[in-house]
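Undergrad: Please read through the structure below; I'll follow up with questions.
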């Protein structure tokens with residue numbers, strides 16, 4: 001019997017008119033992606049700042065390489081395409097279905113994707129924000145606008161993935177980084193009449209030299225994704241790859257900012273890779289790398305906590321003259337805490353309130369700031385008037401910070417713990433529902449107060465007393481309120497109190513438990529998205545532009561007092577020199593440690609370029625197990641002779657579709673062997689007969705008995 005014609009697998013690349021990559025091409029792409037995580041080669045020289053590609057001249061500021069992109073036109077073009085494509089509501093699962101993918105998503109991706117335009121993702125996410133904003137006030141299009149917002153996020157994820165697939169090696173890493181962290185301005189290259197009607201004068205932060213003029217009104221795609229909470233987009237592998245490289249400091253750039261308290265805008269670095277071998281030993285810019293800064297912030301908070309505990313332990317316990325003077329511990333704590341609070345305020349101004357509150361422990365930091373300044377104000381008032389009672393009150397106010405500081409330490413050390421992520425969301429729901437309940441049940445409190453005023457023979461009960469009784473009933477602690485309610489009115493008092501008990505203790509608490517359970521369930525189901533979203537927030541917020549972040553508390557207070565007046569007296573170049581000199585002197589030990597670590601560990605070695613460690617104690621222990629060979633088989637790459645025996649994979653991955661006649665012919669040739677085709681995917685079961693092996697065209701070693709696909713059924 002004549003051997004049937006072998007069909008070709010269907011591949012999505014045929015729809016785009018692209019040639020499918022062979023197995024050797026796929027291996028080459030895998031190696032280029034591994035190459036992105038290795039140190040720059042000797043042929044790829046970085047400049048004296050450790051930046052690759054090196055700067056072309058000695059100009060301190062790098063011009064915007066994307067100033068030619070028609071951002072305004074692209075934003076409105078995408079909006080019209082999405083509105084025309086989606087006019088019915090769909091769920092996210094429906095949008096990801098094969099039918100919607102072929103009919104809507106993929107054609108839009110093919111039309112929008114341009115390998116030379118890195119602003120597409122930014123424009124898509126801007127449209128997502130607009131659709132989410134419209135769904136809040138357009139009730140008749142509410143669900144449709146949510147669907148359109150999800151479509152924008154889904155297309156942005158696909159476009160970013162294509163950028164990652166089509167651009168290889170280190171230039172590809174820089175290309176994808178430009179897509180995510182390059183700044184874009186919504187009215188860029190808009191018609192003059194549009195700019196004239198919509199653009200006001202320079203922002204006040206630019207006029208007062210508190211922000212970079214070249215970054216006015218600019219935002220990055222990563223920031224827009226965080227603000228719009230595009231968690232599916234931030235979870236994609238391409239986005240997480242850039243987030244991880246920015247977090248570790250492999251990719252460096254000058255971030256956009258809203259307000260810089262201590263601005264130093266003399267230099268503007270473009271998006272580049274960092275080579276620690278070519279960088280100076282004391283590189284002050286490494287202090288604003290997110291990973292380095294997170295470690296420093298954790299150490300700063302631990303020191304703040306230690307000083308706080310020392311102060312509270314050594315405080316005076318009785319009112320007297322000791323409350324009218326500072327102890328050495330209190331003075332040290334106040335000075336250091338002032339610098340820590342200044343750092344927190346600068347963080348809020350750096351990227352705005354919206355981004356800062358997305359941080360996991362931001363509400364704890366803000367609570368400590370409020371408590372500290374309340375203590376400081378009361379304390380200064382007591383010292384000014386020589387009032388020991390007021391000074392004692394200030395210490396009592398500061399004691400309220402301990403319930404905030406201990407959880408803050410746990411949040412800081414375990415930022416990706418799902419318990420803390422869910423706790424933050426549930427606290428927001430609990431606070432909202434509690435405020436709503438107090439508002440609604442306030443009528444019961446006022447009614448019982450008025451009833452208490454009109455009863456002869458009884459002492460009128462204060463609002464505080466009635467509120468205390470209601471609170472006890474609410475949490476099921478005590479029934480005194482029901483017992484004493486007859487003192488307000490023999491009938492109406494018990495009626496109101498019992499009604500409140502049913503509504504508050506039974507109905508409200510049931511709703512509260514159900515609401516919090518639903519919140520936790522939703523977060524647990526999307527645990528990966530939540531964790532990676534918080535990681536992206538932590539990374540984006542960690543890249544700082546303000547020079548104030550280079551000074552450790554309390555030196556940042558001194559820098560603000562000394563350097564800010566110099567900002568108006570010196571030229572930008574000389575102010576930059578004074579600033580970096582002070583930073584390097586004050587942070588010399590930290591910079592030397594960072595430099596030594598990064599030169600050794602910043603870029604990890606690839607398993608293709610250096611052999612893996614085979615003699616670690618963990619690997620040796622695993623070798624004693626019954627399943628040690630399952631991992632050992634993947635420790636080394638197969639030799640070229642084995643790869644040559646896989647040349648038929650190129651045929652399997654070639655373009656084309658399935659022919660059921662081929663399957664029938666093989667069944668006839670094999671007799672008792674049957675082959676099944678399921679779900680549009682072909683599987684085959686190889687026989688031991690060499691003649692049948694020649695039919696399939698797969699060459700194998702004689703030591704192998706079978707090669708089976710995932711969808712093969714042998715009868």
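Cβ atoms are placed via backbone N, Cα and C, with glycine included.
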Undergrad: Write down the single range among 549-566, 603-620, 621-638 that appears in TrEMBL as transmembrane segment.
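TA: TrEMBL lists transmembrane segment for residues 549-566.
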Undergrad: Have a look at 253-274, 319-340, 495-516 and point to the one annotated transmembrane segment in TrEMBL.
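TA: My reading of TrEMBL: the transmembrane segment range is 495-516.
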Undergrad: Among 218-237, 518-537, 578-597, where does TrEMBL put the label transmembrane segment?
TA: 578-597
Undergrad: In TrEMBL, one of 177-194, 195-212, 393-410 is tagged transmembrane segment. Which stretch would that be?
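TA: Checked against TrEMBL: transmembrane segment maps to 393-410.
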Undergrad: Would you say the transmembrane segment (295-314) and the transmembrane segment (393-410) are in contact under the rule of three or more C-beta pairs closer than 8 Å, pairs 6 or more apart in sequence?
TA: yes
Undergrad: Please work out which recorded stretch in 430-451, 458-475, 549-566 has the most C-beta pairs separated by under 8 angstroms from the transmembrane segment (495-516)?
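TA: It is 430-451, which has the most Cβ pairs under 8 Å.
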Undergrad: Let me spell it out: take the transmembrane segment (362-381), skip the flanking residues so only those 6+ beyond its ends count, and list any with a Cβ under 8 Å from a Cβ in it.
TA: 334, 337, 341, 344-345, 356, 387, 390-391, 393-395, 397-398, 400-401, 404-405, 407-408, 411, 424, 427
Undergrad: Between 0 and 100, where does the mean pLDDT of the domain 'YVC1 N-terminal linker helical' (73-266) sit?
TA: 86
